[in-house]
Ligand SMILES: O=c1ccn([C@H]2C[C@H](O)[C@@H](COP(=O)(O)OP(=O)(O)OP(=O)(O)O)O2)c(=O)[nH]1
Ligand SMILES: [Mg+2]
């Protein structure tokens, strides 16, 4: 496993650092470090502290914040930015934008698992300007060009 520096900003996180729920898990659940329950009204978005800061440090990795499928599917609580991207040089508090896209208010409880963090390898690229690409099989075909069946 790759070690990543973490700062504990909320003491409640000290004994419940995110961990992989199963040996094959890709995501680390992030908790809502709230002082009291928060009612997220239909359509509302709140920025929720996770009580942690991470420093990925290595530019060949990044972290992304993704919704939890249960919360998103059953209650419509997903991310206001759809996906959160944590740059390898970011050292600030890890925040989750919680958006209630459903028609029913959702009460988020203090320390509830709200979203998940996934660390991914990243390739930084440099642009090489050309007039023509080397021809590929697909060419410019996209947006359903291969058909349905
Ligand atoms: O859900 C998120 C998304 C981002 N961030 C932090 C980490 C990330 O490295 C930084 C900047 O995010 P991003 O580049 O997506 O936002 P921006 O609007 O482009 O801000 P900036 O101008 O600071 O890059 O904010 C979070 O804590 N949670
Ligand atoms: Mg940015």
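We number each residue from 1, going along the chain as drawn.
Heads up, the Cβ atoms here are built off N, Cα and C, so glycines get one too.
Note that TrEMBL annotation is computational and uncurated.
So that you can see what the record holds, here are the features copied from TrEMBL:
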DOMAIN    16-147  domain 'dUTPase-like'
BINDING   68, 69, 70, 81, 85, 86, 87  substrate binding site
* All-chain count of other Cβ atoms within 10 Å of residue 70 (substrate binding site) -> 10
* Asked: Looking at the binding-site residues 68, 70, 85, 87, which have a C-beta within less than 6 Å of some atom in ligand 1?
  -> 85, 87
* To do: Anything from the binding-site residues 69, 81, 85, 86 with its Cβ under 6 A from ligand 2? List those in sequence order.
  => none
* Within 10 Å of the Cβ of residue 86 (substrate binding site), how many other Cβ atoms can you find? Include all protein chains, please. => 20
* Which of these binding-site residues has the least crowded Cβ, counting other Cβ atoms within 10 Å: 69, 81? -> 69
* DSSP state at residue 87 (substrate binding site), helix/strand/coil -> coil
* Over the domain 'dUTPase-like' (16-147), work out the mean pLDDT and round it to an integer. => 98
* Structure fact -> Summed over the domain 'dUTPase-like' (16-147), the DSSP helix, strand and coil counts are 7 helix, 52 strand, 73 coil
